[in-house]
Amino acid sequence: MYQYNDFDRDFLAERNAQFRAQVERRIDGSLTEDEFKPLRLMNGLYLQLHAYMLRVAIPYGTLNGGQMDVLANIADKWDKGYGHFTTRQNIQYNWPKLKDVPDMLDALGEVGMHAIQTSGNTIRNVTADHFAGAAKDEVADPRPTAELLRQWSTDHPEFQFLPRKFKLAVTGSANDRAVIKAHDIGIRLLTRDGEEGYEIIVGGGLGRTPMIGKVLRDFLPKADLLPYCEAIVSVYNLLGRRDNKYKARIKITVHENGIETIRDLVEDRFALLKPQFGGVDQKMLKDIEAQFALPEFKNGSVAAFKDAYHSDPVFRSWADTNLTAHKNDDYSIVSISIKKHGQTPGDATSAQMREMAAIAREFAHNELRISHEQNVILPHVHKSHLPAIHARLKSVDLTTANIGKISDIIACPGMDYCALATARSIPVAQQIATRFDELKLEHEIGDLKIKISGCINACGHHHVGHIGILGLDRAGVENYQITLGGDHTETAAVGERAGPGFAYDEIVPAIERLIGAYLQNREDENERFIDAYRRLGLAPFKAALYPEVKADAA
Amino acid sequence: MSKPFIPKVVTANALLEGDVVYLTADDQWSRQLADAEVIEDLAHGDLRLLDGSSQPDVVVGVYLIDVALEDGIPQPTHFREEFRTRGPSNYNHGKQAELF
């Protein structure tokens with residue numbers, strides 16, 4: 001993992017001291033809210049529906065046990081004893097008091113964390129594949145690249161007032177788990193003829209106008225990354241629209257100007273910028289890469305795992321659902337579900353955080369990851385430790401075996417917390433999870449991605465859910481639109497709207513009818529919902545969602 | 001004929017805590033909607049909005065909400081404001097756990 005150096009520490013301490021003074025001046029009345037708001041947003045502090053909210057970046061989703069402990073301590077000391085993991089690998093505290101926020105930031109600074117650029121029209125937290133460094137299918141670890149981008153983009157003087165927010169995601173695998181095609185810039189590590197480089201995708205995004213990113217460069221040599229990204233963002237900074245907030249993201253800039261025009265402008269700018277970098281960035285990257293060396297993998301018998309797998313059906317069910325192949329055959333990647341049926345997706349208590357931190361230290365090379373799907377990952381676990389880890393997780397209620405299933409739902413905070421929301425999303429997720437758990441259908445249904453947003457801004461990624469749910473305010477009443485066929489992976493696609501929306505108390509029965517139609521129409525149990533949808537199209541699902549329309553037509 | 005005036009209440013968030021607050025008739029900010037001054041006409045609403053907004057060292061984001069009177073007690077008419085009176089609906093925490 002990357003360790004802060006003196007430069008990083010000094011920068012953060014100075015920045016936190018600045019913000020502490022700004023908070024003091026706001027409280028004593030020297031700053032108006034209009035003056036203070038942009039300052040607090042630059043430091044990740046929002047004012048939400050019921051309280052302030054502090055959004056803390058977990059760069060590329062990577063943290064160690066000590067950092068997780070501090071996240072837990074902050075939750076206890078200055079919040080309500082829990083934190084909420086988000087779809088962009090951040091953690092949000094929903095109840096901080098204004099005067100406490102500088103202390104919270106100092107506590108974060110002690111372990112090399114911060115809330116800078118988690119809001120505002122800046123380059124946001126750089127996200128990455130949550131299996132980075134561990135996945136069997138990986139070409140290279142995307143995190144050194146993500147850390148280089150983090151250092152480059154943090155407090156970048158040219159990019160503090162972009163036309164709109166700007167999000168980067170990096171993956172090192174052809175199987176995209178970082179949703180790179182729905183980011184302003186998506187980056188995929190690859191090799192071509194033995195040379196390391198990147199595929200650069202630009203102009204993806206969800207929100208009001210969902211767009212799948214387009215390839216700007218199919219192969220960018222490794223050494224050109226920073227000047228090329230700087231070229232993209234500076235072209236956008238000039239060309240992006242500032243007249244209309246809804247047309248200000250780079251996806252609209254690319255759409256309106258065309259990818260060829262953008263490419264030409266970026267290449268021209270890149271030619272100017274490249275000589276200015278002079279190789280210092282590549283030297284930094286080398287230093288960063290050394291810090292992301294793989295842990296020393298342990299050799300040893302995995303018999304304990306095999307024994308437990310054969311003798312304990314509860315453990316077996318969890319292992320079948322929550323483990324992923326590791327690049328070392330004696331190891332597993334463990335996904336800890338933060339989606340117990342009926343609970344708030346992504347909410348972890350301080351006790352749960354501490355236990356995950358302790359497990360990481362004792363059994364998992366002191367590494368943890370936060371996924372964009374709002375779960376926690378132990379990326380490197382020798383299989384012999386799995387039964388012990390399962391038992392430890394059980395003690396804090398974290399053994400839900402539902403990764404990738406119908407109850408592993410992404411849900412944005414929605415109107416339970418968010419000031420922008422038009423409807424609730426968390427209770428819909430809670431009810432769907434509870435309902436299908438009662439029906440004991442979860443494992444029968446198999447792999448399925450339900451993603452729920454409580455407004456058009458799509459923090460819950462509903463456009464790319466196999467089943468997407470969007471909560472809206474229709475004449476003062478919550479109303480939920482369903483989209484089908486979305487895909488968040490390398491074959492990214494925006495879902496198709498199924499028809500008119502459903503009232504709050506109709507949405508769960510509608511999902512149940514939809515799943516009924518899938519179970520009835522699938523070829524066999526190996527055909528996932530999304531595959532059945534692609535084969536059959538909208539018609540049978542629409543008929544299930546709107547039976548009264550069918551009855552009327554008959 | 002003009003539409004009948006919908007009764008209103010001035011609301012905001014407290015500067016220091018972020019809590020949802022309502023303006024009372026004696027210019028205090030209460031955590032409880034029941035304590036709020038119910039505004040019955042447009043001109044008075046504009047005035048009270050200005051009064052609320054003139055306390056930037058106490059509150060943030062001052063605005064008027066529609067209410068309906070039930071037994072003389074104001075109740076929000078929009079679901080967003082209902083949530084603001086009691087806190088998140090996913091489980092019992094926030095204002096509903098502390099005030100009621």
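Note: Cβ is positioned from N, Cα and C throughout, glycine not excepted.
Now, the feature entries from TrEMBL:
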type	residues	note
DOMAIN	A:52-110	domain 'Nitrite/Sulfite reductase ferredoxin-like'
DOMAIN	A:119-270	domain 'Nitrite/sulphite reductase 4Fe-4S'
DOMAIN	A:345-395	domain 'Nitrite/Sulfite reductase ferredoxin-like'
DOMAIN	A:407-545	domain 'Nitrite/sulphite reductase 4Fe-4S'
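Most Cβ pairs under 8 A with the domain 'Nitrite/Sulfite reductase ferredoxin-like' (A:345-395) among the ranges A:52-110, A:119-270, A:407-545 are made by A:52-110.
In terms of DSSP helix, strand and coil, the domain 'Nitrite/Sulfite reductase ferredoxin-like' (A:52-110) has 30 helix, 16 strand, 13 coil. The average pLDDT for the domain 'Nitrite/Sulfite reductase ferredoxin-like' (A:345-395) in the predicted structure is 98. The DSSP breakdown of the domain 'Nitrite/Sulfite reductase ferredoxin-like' (A:345-395), given as helix, strand and coil counts, is 27 helix, 13 strand, 11 coil.
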